[in-house]
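As annotated by Swiss-Prot, Zn(2+) binding site applies to CYS28, CYS211, HIS236, GLU240, with the evidence given as sequence analysis. According to Swiss-Prot, the feature motif ''HIGH' region' maps to 30-40. Here Swiss-Prot flags 268-272 as motif ''KMSKS' region'. As annotated by Swiss-Prot, ATP binding site applies to LYS271, with the evidence given as sequence analysis.
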Amino acid sequence: MIKIYDTMTRSLRKFVPLTENTVNIYVCGPTVYNYIHIGNARSAVAFDTIRRYFEYTGYQVNYISNFTDVDDKIIKAATQAGVSPKELSDRFIAAFIEDTKALGVKPATQNPRVMDYIAEIISFVESLIEKDFAYEADGDVYFRVEKSEHYAKLANKTLSELEVGASGRTDAETALKENPLDFALWKSAKAGEVSWDSPWGFGRPGWHIECSVMATEILGDTIDIHGGGADLEFPHHTNEIAQSEAKTGKTFANYWMHNGFVTVDNEKMSKSLGNFVTVHDMLQTVDGQVLRFFLATQQYRKPINFTEKTIHDAEINLKYLKNTLQQPLTETADEQELKQFVIAFQDAMDDDFNTANGITVVFDMAKWINSGSYTEPVKSAFEKMLAVFGIIFEEEVLEVDIEALIAKRQEARANRDFATADAIRDQLAVQGIKLLDTKDGVRWLRD
């Protein structure tokens, strides 16, 4: 039985899906104006692991993670780069996909983009105005926070406790509002900015409305799980709840999950401290699987500290697990012992996806395997556990097999059977083997 720590109730709750054997998850994705940093990677890896464990236990998972491709930061970065916002966002969406693939993150069921939902966003805002939850002011549209019952319940705050500047508001914006806490649903466009026509003039969506619309359009008025980084709890997720529930009159999400922060050498990551690390740069020197394994060593809600030592430790531990998988199979293993490992693993992961405890079970099992208990059922169970963490080792092609295929290719070439020769080259290439035809014969290397 899976239990989830729900940020809304500040408690551990049994997971009960809206639809039996199916879980709908929406996770806030990146604002695509730069390469993602290790903090973004933590969110991607954490929720990918959660998704994988749901699948491990037999759930069908609809996993939605958006790309915010309409935002002030994108407009500013695009202007500085001399390209359109779409060109910039396309570039960094491709980079995000490449980086997260290197981290072993499975593709989402859907990756909606804000630009594809402008009409739906306008319709959503119109509905809020009709219900008197929103108002237009000089081409902008704002949400009436005071009309939202229990506003900021997710952040466990009251209206009086909230700071006026929590969303980075300017004096000009505040002057247009009925209440300084009201937030923008639609922003009027400045000259030359990307914009769309609307009943309130040309403009673009506010940040918070984007996720509400994409989540409800794809998954319905109520979703099982909404997730993201702890920094999104307020104001982003708080405002999503307010506007979504104002429109539908229904609970927006049944469970709210937030992953913890990443520190670098026990300091908050920031550009001013010079410890801001992008995944793109890190992957030049650190294997993606090592980075992923490091991110799994702490339970998703807890902070995790990035250091050279923690990465080195992750690399050593991964090698140990890989060597364990390559042990020769044995004829027998204690089936009851195997069953106990599986139960212990599930108990750990059922407890709010406690990867730290789950990994402890994996290493205990590896020790047992290395003592001489490694049948096919044991190997299968072990591989399935590792796959929950996104750890999937490709079996290396043995040298004897490579040489045999090269000999077969040479024979085909001698017989002028170039189709077979090319097919063998392609087969080896897929397996990471590159052939070099030299005057001294064929050389090969692992790509």
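Just so you know, glycine gets a Cβ as well, placed from its N, Cα and C.
Positions of the features from Swiss-Prot, shown on the structure.
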residue: CYS28; record: Zn(2+) binding site; Cβ within 10 Å: 23
residue: CYS211; record: Zn(2+) binding site; Cβ within 10 Å: 27
residue: HIS236; record: Zn(2+) binding site; Cβ within 10 Å: 20
residue: GLU240; record: Zn(2+) binding site; Cβ within 10 Å: 28
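Taken residue by residue with DSSP, CYS28 (Zn(2+) binding site) is part of neither helix nor strand, so it is coil.
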